[in-house]
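Enquirer: Got a structure for you, written out below as structure tokens; questions coming shortly.
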Amino acid sequence: MSGRVRPIVVLVGPPGSGKTTIGRRLANALNTSVVDSDVLIEQLQGKPCGVVFAELGEPNFRDLEAEVIDFALTTAGVVSLGGGAVTTESVRQKLRAQIVVWVDVSAAEGVRRTAVENSRPLLDTTNPLERYSELLAQRRDFYKEVADYRAHTDGRSPQQIVADILGFLETLR
């Protein structure tokens, strides 16, 4: 067995699915740390992730994100990835060696949760529900490809979701 450090679990899913909240609570339950790729990008660039995305454009942002994820995947604990990270092939390849949970949400609920923020350039449109639905359609197969477990979040408390993920992780021991 390799002595290499790796995450306990990696969370993927669309914006507003609850990855950040679930990641913090899951890390707390596992008595470990949480690393969020969006937060790492913000720290590296010194500005909000949405601003970095808008300034760099999606292709350059995804390249930066992939580099940050390379680092994040060398840390122990829980790792939470940005919603579009799975669109990058090199990221999906690296996730094959990880335990990945897809934190899933419906388009309507995802839009409701992200409506209070103005930090999501891909959702800055006159019809956020339509755009969110398009993003889900574009990314769904990528989430399925990398996920070992799917946690539905609509109508469920963070505590319930964390309990489900902990139950899944227990089956791997």
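Here the Cβ of each residue, glycine as well, is placed from N, Cα and C on the backbone.
Straight from Swiss-Prot, here's the annotation block:
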type	residues	note
BINDING	G16, S17, G18, K19, T20, T21, R120, R156	ATP binding site
BINDING	T20	Mg(2+) binding site
BINDING	D38, R62, G83, R139	substrate binding site
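Give me the structural setting of these features: burial, nearby parts and distances.
Expert: DSSP classifies T21 (ATP binding site) as helix under the three-state reduction. Remark: T21 (ATP binding site) has P158 as non-local neighbours, by Cβ distance under 8 Å and separation of at least 6 in sequence.
Residue environment of T20 (ATP binding site) contains 16 other Cβ atoms, counted within 10 Å of its Cβ in all protein chains.
Cβ-based neighbour count (10 Å, all protein chains) for D38 (substrate binding site) stands at 23.
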Enquirer: What whole-number Å value do you get for the CA-CA distance of R62 (substrate binding site) and K19 (ATP binding site)?
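Expert: Cα to Cα, R62 (substrate binding site) and K19 (ATP binding site) are separated by 18 Å.
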Enquirer: Same chain only, sequence gap of 6 or more: which residues have a CB within under 8 Å of the CB of R139 (substrate binding site)?
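Expert: Non-local contacts for R139 (substrate binding site): P14, G83, G84, V86, T87.
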Enquirer: Provide the number of Cβ atoms within 10 Å of the Cβ of K19 (ATP binding site), excluding the reference atom itself.
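Expert: The answer is 31 other Cβ atoms.
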Enquirer: Which one of the binding-site residues (R62, R156) has its C-beta surrounded by the most other C-beta atoms within 10 angstroms?
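Expert: Result of the Cβ crowding comparison: R62.
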Enquirer: So for G83 (substrate binding site), how many other CB atoms are inside 10 Å of its CB?
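Expert: For G83 (substrate binding site), the count of other Cβ atoms within 10 Å is 24.
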